[in-house]
Ligand SMILES: Nc1ncnc2c1ncn2[C@@H]1O[C@H](COP(=O)(O)OP(=O)(O)OP(=O)(O)O)[C@@H](O)[C@H]1O
C-alpha cells in the first residue's frame, strides 16, 4: 500500500511559516533534510489533500510495530490535578495509541478505545517538517467518541468535499536521503531521521529566535516563553492558596481595576439634557466629576470633567475656570514649565486653551485623568456616621481650612495609623521636591487639591494659581515655596488629628500635644519644623525626619511591583492565547469563504477543525466531556510555539486518525487566517 506521506511533506512544507522554516528555495531551508530529500527525488506533488492519503491508507487493526529507530518518546500533557481526569489517560497506558516511535512490538490495536474498528492512521511525517527529527511522540489524552459517530470525515463514504484531491502518483521515495529511515507500519510509511542526523538549526517563537540543539531537548525549549507560574517570592505575598493565585489575579486587584475601568467608562445618560457642550475644543463626552454647584463666595468658579480626546480616544481630566479672561499671556511661560514637570506624585498638566463652548469665556486646563480618585478631604476629612453629636449643617458645601471656606470639620473617624501618615508625607514631599526643584510652587497645598488613587497620592490641578493670580515677579516663587511648606505642616497636623479644626491658630498647641501623645517624636518634629516659618525651610531637610521609613516604603513599593509584574506575565500569556483562539474561532465552522461553503472543512482547515475538537470536545472513555483547562492551555501553547511534537487528531466518525505536528497546525492556522485577512482587506 502506498502512502501519501511524501506529498504531505512537500505540499505542507512549501507553505510553512517562514518564522519556523526560514525560506530558502521553495520555502524549505537548504540545510533541511527534507529539502535534500525533495531535491533528490523531485517528487511529483499533487494538491495537498488529507483525504487523498486517507483514502489510500486503510490499516487493518491491529497495527504492529516491527522496529523502532527513534529515541524514547516524551508524553504529551497528562492531566494530573483535575478531578475529571480520566484514568485511561495515564502515561504509557496500554489503552492509548502506542506510537510507532516506541521501541516495542506493541500492537496499536486498542487505538482510541474499543470502538475503533478499521482505523486509518495518517502520519504528517514523523521526520518532522524542516528535517528536524522529532523523536518525541505524543501520547494524547484524546479518547474516541465511542457513543457518537459522525459521518463527516473527509474520506467518509459519500463525502463530496471538493477541495480534497487524490494523489495520482505515489510519492513514496525509492531512495532515501542519508540519515533518513523509512518504515512501513501496516501500510503507512513513516520516515525517521537516524539519531546521528539531527541537525542544529534555529527556530522562532514569536519574534524571538531560539537556537535549536537536538530534537529531544528542543521540544520544550520552544515553549520557554510560557508563563512558568508565580515566583516563590510572589506566591508568599498573596493571601491565596497556591493553585488559585497561580491562575487568577488577586481578588482585591481585580475589583480595584474593574472599579476604575467602570468609572473611566462612565458616560452621561442623557447628554442632550445636560447643559454641557457636545464638544469642547478637541475633547468630547464630557462627564462632570463633581456636582454642579455654585459657590458665590468663590473668587473663581471652576468645574471638573472627564473628557475624551477626539484624536486619540484617551481620557483626560478637564478643569474649567468659568468666565475667565487671561490678563496676560506671560503666564503661559509658567504653564510651559508645569507641562514639563513629570512626577508620579503630581498630576500632569497637558495643555491649556480658552473656549466659548460653554457659552462663556472659559479657560480649560487639561490634566491626566486618574479614575477612581478621591480628594484627601473626601477620604480623610469626611465625618463618619457616628460623629460625636455634631452634624454638618452644610453637607457637601463644607470647605477645608483653605482660602475658600471657614467651615471646618470634626470627628472624621479614628486616628490614622502612623504608617499611613508617613506614606502620605513621603509622597507629598517627593512631589513637592520636584515642584520646587523646577522653580515652581504648588500654591494650593490643600486637601481638595490632593487626590488619592488607591495608595497613590498626587497634587492635583497644579499651575492653576499661577494662572489665576499670575505674579510676573519670579523672585516671589521662593516666598510661595515657603508657604507650601507651611501648608504641608498644616496638612500633616490635620491628618494626624484627623480634623481640620486642629490647624486653627487657637488649636495648634493642643493638636501638637495630641500628636506627641499618639505618634512618634519624628512626626511631631516634622510638623513643628514645617510650621516654624521664622526660619528658611527646604523640603529636602525633611529627609532625616523620614529616616529609615523611606526604606520601608521603598521595600513595600518594590514588593508591589514584583506582584504586579507577575500578574502582568500571566495576563500577557492570556492575551497571547486569546489571540490564538480568535484566529481559530474565525476559521472553524466558517459557513462560507470566498463563495466556498466547504472552505473551513477542507484542506488545512480540516486539521484545525479536528484540532479544535481535540482541544475542546475530547471525552473520557465513558463518553463524559473531558474538561481540563490545563489540557487546553498546554495544547494552545504548543500550537503557538509551533513545536515539533505530534498530536493525534481523530475524525468525528472515528475512522481516521491524523498524526500531525503542532508546527504544521500552526502553519495551517497562519495560512488560513492570512487568507481571511487578505480577503477581508480586498
Ligand atoms: N486628575 C484627576 N483625575 C481624576 N479625578 C480627579 C482628578 N482631579 C480631581 N479629580 C476628582 O474630581 C473631583 C472634583 O475635584 P475638585 O478639585 O473640583 O474637588 P472639589 O472638592 O470640588 O474642589 P473645588 O471646590 O476646588 O472644586 C474630585 O472627586 C476629585 O477626586
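Placement of Cβ uses the backbone N, Cα and C atoms for every residue, glycine included.
Per TrEMBL, region 'Disordered' is recorded for 143-178.
What TrEMBL records for 166-178 is compositional bias 'Low complexity'.
Listed in sequence order, 264, 306, 315, 316, 317 are the same-chain residues six or more apart from residue 369 (ATP binding site) with CB atoms under 8 A from its CB. Following the DSSP three-state reduction, the secondary structure of residue 369 (ATP binding site) is coil. Per TrEMBL, ATP binding site is recorded for 319, 368, 369, 370, 371, 372, 373, 374, 375, 448, 449.
The region 'Knob domain' annotation in TrEMBL covers 587-682.
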Where the C-beta lies under 6 angstroms from ligand 1, the matching binding-site residues among 319, 373, 375: 373, 375
Test of understanding: give the count of other CB atoms lying within 10 angstroms of the CB of residue 371 (ATP binding site). 17
Among 373, 375, the binding-site residues in question, whose Cβ has the most other Cβ atoms within 10 Å in this structure? 373
Would you mind giving the whole-number mean pLDDT across the region 'Knob domain' (587-682)? 92
Around the Cβ of residue 319 (ATP binding site), the count of other Cβ atoms that are within 10 Å: 21
Could you state, as a whole number of Å, the largest distance between Cα atoms of any two of 319, 368, 369, 370, 371, 372, 373, 374, 375, 448, 449, the listed ATP binders? 17
On the three-state reduction of DSSP, what should I expect for residue 319 (ATP binding site)? strand
